[in-house]
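Step one of this worksheet: look at the structure below.
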Amino acid sequence: MHKSSSGSSLGPGGLDLTQSFFKPISSAAPPSPTKRHTKISVVGAGNVGMAIAQTILTQDLADELVLIDVNPDKLRGEMLDLQHAAAFLPRTKILASVDYAVTVGSDLCIVTAGARQNLGESRLNLLQRNVALFRKIIPPLVKFSPDTILLIVSNPVDVLTHVAWKLSGFPSNRVLGSGTNLDSSRFRFLIADHLDVNAQDVQAYIVGEHGDSSVALWSSISVGGVPVLSFLEKQEIAYEKETLEEIHKAVVDSAYEVISLKGYTSWAIGYSVANLARSILRDQRKIHPVSVLAKGFYGVEGGEVFLSLPAQLGRGGVLGVTNIHLTDEEEQRLRDSARTILDVQSQLNLGI
Ligand SMILES: NC(=O)C1=CN([C@@H]2O[C@H](COP(=O)(O)OP(=O)(O)OC[C@H]3O[C@@H](n4cnc5c(N)ncnc54)[C@H](O)[C@@H]3O)[C@@H](O)[C@H]2O)C=CC1
Ligand SMILES: CC(=O)C(=O)O
């Protein structure tokens with residue numbers, strides 16, 4: 001007997017044995033109409049797509065998980081490898097295809113397909129190669145799931161989130177990029193390590209570009225509810241501005257270092273994106289630094305630009321942007337980061 005990818009139990013000769021194994025209970029209540037069936041599609045079954053897929057499975061975030069890629073052998077291999085873990089995981093139907101029809105009715109589409117950085121290469125350098133792919137990826141996703149939320153991960157993530165927004169024709173609340181959710185986790189890890197506390201007790205945001213021009217919001221960092229910089233100042237404890245700059249530089253250098261050591265980054269982005277998927281699909285209304293349409297927030301003007309700001313996420317996608325107090329210097333750095341992205345974006349002619 002084998003279990004088909006559609007989930008039915010087939011005996012020899014294709015005989016459907018489901019009815020023989022189970023006597024239906026006629027009085028059993030039908031499935032609750034309030035329990036939604038949740039479907040997530042992941043485009044790109046590479047290092048990042050598979051790290052996201054496996055985290056989604058272990059965290060029980062979807063009833064149905066779909067993988068899409070251009071490489072059918074890799075795709076089927078990955079699908080089978082995950083399906084073979086069924087006995088150890090919450091029940092999730094796993095499908096894979098090169099045909100986007102399989103994504104129909106997805107609640108969330110996560111795009112990880114595309115070129116990744118070579119040793120020392122910047123994220124922005126990937127732009128032309130990945131825009132060409134997005135022209136093939138976004139239209140069929142939209143066709144089969146017109147009500148979906150698009151979560152972009154491929155780099156350069158901020159510009160590609162803008163491209164996905166344009167190509168989809170969706171309202172901006174339904175298109176976001178994973179942005180600096182990952183950078184902020186790296187930041188929290190480094191601060192926690194420095195202070196020997198738990199990273200989950202550190203509230204700290206990196207905003208702006210997911211890349212070299214990102215901005216660390218030092219003025220709003222708190223640990224266990226204690227605002228760190230004002231605490232040090234009140235206690236007259238001296239700290240070096242250079243130490244802060246070094247921690248931010250370590251965040252910016254993180255991806256370059258991991259890529260130089262193992263060739264790509266995957267586990268942290270897997271957890272980061274699964275964390276976003278949970279907030280969206282379970283309507284958690286949590287605040288995450290993610291790439292959103294930033295025009296008009298924090299003095300960002302001069303064009304339609306996506307970059308990371310602390311945003312509240314729920315079933316409707318991006319519900320709002322929180323109004324954290326920024327120092328003049330932080331606000332200026334954020335505007336500079338927006339300018340960096342806009343300069344790159346201005347080289348694109350999407351013709352949309
Ligand atoms: N935003 C973030 O924080 C992060 C973003 N990334 C980015 O994620 C992307 C993927 O990285 P990896 O998974 O390491 O690369 P990878 O090379 O392992 O996987 C890319 C996958 O995309 C597939 N692909 C190529 N063209 C496609 C198309 N037209 N349709 C569907 N699939 C297609 C390839 O067959 C491959 O399986 C890169 O752009 C990378 O820079 C990586 C880590 C973190
Ligand atoms: C590759 C990448 O964008 C990252 O790990 O931050």
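Cβ from N, Cα, C; glycine included.
Small disclaimer: the values here were computed from a predicted structure and weren't measured.
Noted in TrEMBL for the protein shown:
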type	residues	note
DOMAIN	38-177	domain 'Lactate/malate dehydrogenase N-terminal'
BINDING	G44, A45, G46, N47, V48, G49, D69, N130, V153, S154, N155	NAD(+) binding site
DOMAIN	180-342	domain 'Lactate/malate dehydrogenase C-terminal'
ACT_SITE	H210	active site, proton acceptor
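Overlay of TrEMBL feature records on the structure.
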{"residue": "G44", "record": "NAD(+) binding site", "DSSP class": "coil"}
{"residue": "D69", "record": "NAD(+) binding site", "DSSP class": "coil"}
{"residue": "V153", "record": "NAD(+) binding site", "DSSP class": "coil"}
{"residue": "H210", "record": "active site, proton acceptor", "DSSP class": "coil"}
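Within the domain 'Lactate/malate dehydrogenase N-terminal' (38-177), the DSSP-based counts of helix, strand and coil residues read 68 helix, 26 strand, 46 coil. Set side by side, the binding-site residues G44, G46 differ in how many other CB atoms lie within 10 angstroms of their CB, and the most is found at G44. Counting other Cβ atoms within 10 Å of each Cβ, the binding-site residues D69, V153, N155 show the lowest value at D69. Rounded to a whole number, the distance between the Cα atoms of H210 (active site, proton acceptor) and V48 (NAD(+) binding site) is 16 Å. The CA atom of G44 (NAD(+) binding site) is located 20 Å away from the CA atom of H210 (active site, proton acceptor).
Taking CA atoms as the reference points, D69 (NAD(+) binding site) and H210 (active site, proton acceptor) are 24 Å apart.
Of the recorded residues, V153 (NAD(+) binding site) and H210 (active site, proton acceptor) place their C-alpha atoms 10 Å from one another.
Checking the binding-site residues G44, G46, V153, N155 against ligand 2 with a 6 Å cutoff on the Cβ atom leaves N155, in sequence order.
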